[in-house]
Amino acid sequence: MAGGGTTLEYTPTWVVALVCSVIVSISFAVERLIHRAGKHFKNNDQKQLFGALQKIKEELMLVGFISLLLSVGQSKIAKICISKELSEKFLPCTKPAGAEKSLKDSSHFQFSFTGRHLLAGDAPAGDYCSLKGKVPIMSLSALHELHIFIFVLAVAHIIFCLLTIVFGTMKIKQWKKWEDKVLEKDFDTDQSIKKFTHVQEHEFIRSRFLGVGKADASLGWVQSFMKQFLASVNESDYITMRLGFVTTHCKTNPKFNFHKYLMRALNSDFKKVVGISWYLWVFVVLFLLLNIVAWHVYFWLAFIPLILLLAVGTKLEHIITDLAHEVAEKHIAVEGDLVVRPSDDLFWFQSPRLVLFLIHFILFQNSFEIAYFFFILFQFGWDSCIMDHVKFVIPRLVIGVIIQLLCSYSTLPLYALVTQMGSSFKGAIFNEQTQEHLVGWAKMAKRGVKKGATQVGTSHDATSPRPSIQLNSLLGKGSSQQNQNPKEKSEIAHHD
């Protein structure tokens, strides 16, 4: 085909076989690697991480479908014609003189008919529209570059999420020594009741309570902002919040392994973070729409995840401060140990889950920034007009690195600990085997209720609570302390 290179009919068989074998080998190696990782997670009872791996496979499958649609529909898309005037509006770069003769100097959304042809059929598509006095809505070259960008974005998001969870987990594992110190104590209930704790002398209160009044409240926010950059969580914070959680949800088991629960809860949340949800794809589309020359959208966009991350980190730190203020303002001394009271009221819109949504968006936004930078760098070069001036590029890269480090070592560990201070606990409070038994039992109970198989079953449903609904709530969105009767709490408390 003219200008398109030789077809498969006239390509040496050894070339076809070689290229095919390399592509298949790489694909097979990646598939085996994912399979082995899944097998490892299953053998080690890490079902939350296995779920996250399944989510990654779903994302890769979605990218595969997008790739297939672009490949199959590219010739049809290239034959959609629009007026030349319309094609020159909302460009990411200013069109240089003689752009029709030089594809190299044009942007990836520019439409050219006489430049290089990445795929056979580019010229016919251009000729098809030029005969009508119009231009293709998108050239095959631009479609090919968009294809590459979507793939780079998905891979970058997965890699950055993995790095974040790995570094965050390393930080949380440092807290294990505090958990071990607590578990080594001899828990004597009578002794605990007899002792009194002077609130103002408690280390947690001394480090978090600054006083009462507007000036002290403002200073508390400043302290919370600064603390996320330093020691975001210290030993007194961890031990106090651990005691608050155990006292609220596992009162009969003071030796509940809170650290192990944190790790399970974090792994469970990870599979929600690693995916690219529909609203994130909407964000990508909006960015591609608004990436107009002279607007510098790419530069200003870099500040969104940074501002959100600082706001989330400050809020999480301030929740710890609020817990200290609540005790210090009400008590001079308390009987037994100092205990904080978890509550959803501490969080924005009374929703601890909102924090996970924001972290998800922050990680994706940062991944998008880095992926877009490297895509432009390798596809069009450093001098590309989309890359913009150096004064805009360097700050973006610096901000991206700061976000990645701060989110990994400060915000994510803070999230893992502080969100346990809500009114509800997560299904991760049970180990994986117990969760499976409970879910299975709940499903069986629910089917029994629906069928109404026997009169006894019907009578039981009419006179007693419906455990299936309670357990579904527990293992899905969590279950508040108030919704659990003492017997259920006792059973929960002995699972770590």
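Glycine is no exception: its Cβ is also placed from the backbone N, Cα and C atoms.
For 1-9 (among others), the entry in Swiss-Prot reads topological domain 'Extracellular'.
Look at Swiss-Prot and you will find 10-30 (among others) tagged as transmembrane segment, backed by sequence analysis.
Look at Swiss-Prot and you will find 31-59 (among others) tagged as topological domain 'Cytoplasmic', backed by sequence analysis. Mapped onto DSSP classes, the topological domain 'Cytoplasmic' (31-59) shows 26 helix, 0 strand, 3 coil.
Annotated transmembrane segment per Swiss-Prot: 60-80 (among others), in sequence order.
What Swiss-Prot records for 81-147 (among others) is topological domain 'Extracellular', and it gives sequence analysis as the kind of evidence.
The annotation transmembrane segment is assigned in Swiss-Prot to 148-168 (among others) on the grounds of sequence analysis.
Taken from Swiss-Prot, the feature topological domain 'Cytoplasmic' applies to 169-269 (among others), supported by sequence analysis.
Marked as transmembrane segment by Swiss-Prot: 270-290 (among others). Counting residues 6+ beyond its ends, the transmembrane segment (270-290) has Cβ neighbours under 8 Å at 48-49, 51-52, 54-56, 58-59, 62, 90, 153-154, 157-158, 161-162, 164-165, 297, 301, 356, 359-361, 363-365, 368 in the same chain.
The annotation transmembrane segment is assigned in Swiss-Prot to 292-312 (among others) on the grounds of sequence analysis.
For the topological domain 'Cytoplasmic' (313-355), the DSSP counts in helix, strand and coil order read 27 helix, 3 strand, 13 coil. Among the features that Swiss-Prot reports, topological domain 'Cytoplasmic' is placed at 313-355 (among others).
Positions annotated as transmembrane segment by Swiss-Prot, on the basis of sequence analysis: 356-376 (among others). Counting same-chain residues at least six beyond the ends of the transmembrane segment (356-376), those with a Cβ under 8 angstroms from any Cβ of the stretch are 148-149, 152-153, 155-157, 159-161, 164, 269, 272-273, 276-277, 280, 283-284, 287, 298, 301-302, 304-305, 308-309, 312, 384, 386-387, 393, 396-397, 399-400, 403-404, 407, 411-412, 415, 419.
Per Swiss-Prot, the feature topological domain 'Extracellular' maps to 377-397 (among others). On the 0 to 100 pLDDT scale, the topological domain 'Extracellular' (377-397) averages 78 in the predicted structure.
Residues or ranges marked as transmembrane segment in Swiss-Prot (evidence: sequence analysis): 398-418 (among others). Listed as Cβ neighbours of the transmembrane segment (398-418) (distance under 8 Å, sequence separation of 6 or more from its ends, same chain) are residues 160, 163-168, 171-172, 228-229, 232-233, 237-238, 241, 262, 265-266, 302-303, 305-306, 309, 312-313, 316-317, 319-320, 355-356, 359, 362-363, 366, 369-370, 373.
Summarising the annotation, Swiss-Prot assigns topological domain 'Cytoplasmic' to 419-496 (among others).
Among the features that Swiss-Prot reports, region 'Calmodulin-binding' is placed at 432-453.
Positions annotated as region 'Disordered' by Swiss-Prot: 454-496.
Residues 192-193, 195-200, 202, 204-205, 207-210, 212, 220-221, 223-225, 227-228, 232, 237, 240-241, 243-245, 247-248, 406, 410-411, 414-415, 418-424, 477 of the same chain, all 6+ positions outside the topological domain 'Cytoplasmic' (313-355), place their C-beta atoms under 8 angstroms from a C-beta of that stretch. Here the topological domain 'Extracellular' (377-397) is broken down by DSSP into helix, strand and coil counts: 12 helix, 0 strand, 9 coil.
Residues 92-94, 107-108, 145, 148-149, 291, 293, 296, 298-299, 302, 369 of the same chain, all 6+ positions outside the topological domain 'Extracellular' (377-397), place their C-beta atoms under 8 angstroms from a C-beta of that stretch.
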